[in-house]
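As given in Swiss-Prot:
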type: BINDING; residues: ASP78, GLY79, ASN152, GLU153, ASP182, THR193, ALA194, TYR195, ALA196, LEU197, SER198, ALA217; note: NAD(+) binding site
type: ACT_SITE; residues: ASP78; note: active site, proton acceptor
Amino acid sequence: MPRIGLIVNDGKPLAVQTADTIQQRLELAGHAVVRASSSGGMVGFANPDQHLRLLGYSACVPEGFNNSMALAIVLGGDGTVLSAARQTAPVGVPILTINTGHLGFLAEAYLGDLDRALEVVLTEQWTIEERSNLVVSVMRGDQRRWEALSLNEMALHREPLTSMCHFEIAIGRHAPVDIAADGVILSTPTGSTAYALSAGGPVISPDCPVLQLTPIAPHSLASRALVFSDREPVTVFPATPERLMMVVDGSAGCYVWPEDRVLIRRSEHPVRFVRLVDHEFFQVLRNKLGWGLPHIAKPDKG
């Protein structure tokens, strides 16, 4: 029988306990289980005094994970899902996300659905939804100094107690544009409901083949979010004398210096989500973000 992976946020006792239960049930059904910690996908932040992450993004793949696996079950919150995406996308392993955290916007199932989810897994009745993924690379000349995959977004912004920044941004073959702001966000459709949404960007349906550029606290009224084809690679040149902070999906990043440039392109390795039922994106927006709910009736003026 095909092997099944388990990716667990081992910092959460509930996730570990649930993983033990799932592993026992899968092994009783005859499946070999390969277990890994989600910490392997949390690249972390590279400090100036540390060596930057010179390895490619495939270095996050756990030992024993490859494209012969049927799927990997992910236990944790949305942060765990973002880490698991880095661990599985390079080898094409689909992920079934079971939430043991808070909001669970990226979760396919909750603990109350566990029995039904395992039944679907054992009978192989799931479907696959692919989500676009980014490769984020920091370059200095011809040298790659840092690289990671990103399911949500890359945010490049100033440090505290520093001035407003300028960014020269080239999209594809087009001439660079200058943006004056506290920072910029480059996001996928999946990431449009995350940091980019808080910065004033639009919500984008995940089946749209686009990327989104959103300024953070822009200086100009003309600086607004831009949506464009994801076939276009993006290069961000820091046009400011101070170092900047780059954060990818909230759990990875490094400092970017004036002599560096950030390259962002769509990855050839999408994140493959296991769907137990038909996935209706607008219903997810309604249930988890309150989109489109009726306004609360105003109180009567007595």
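Backbone N, Cα and C define each Cβ position, glycine as well.
One residue stands out among the binding-site residues ASN152, SER198 for having the most other Cβ atoms within 10 Å of its Cβ: ASN152. Counting other Cβ atoms within 10 Å of each Cβ, the lowest count among the binding-site residues ALA194, ALA196 belongs to ALA194. Comparing local CB density within 10 A for the binding-site residues ASP78, ASP182, the maximum falls on ASP78.
Spanning the listed NAD(+) site, residues ASP78, GLY79, ASN152, GLU153, ASP182, THR193, ALA194, TYR195, ALA196, LEU197, SER198, ALA217 have a farthest Cα to Cα distance of 26 Å.
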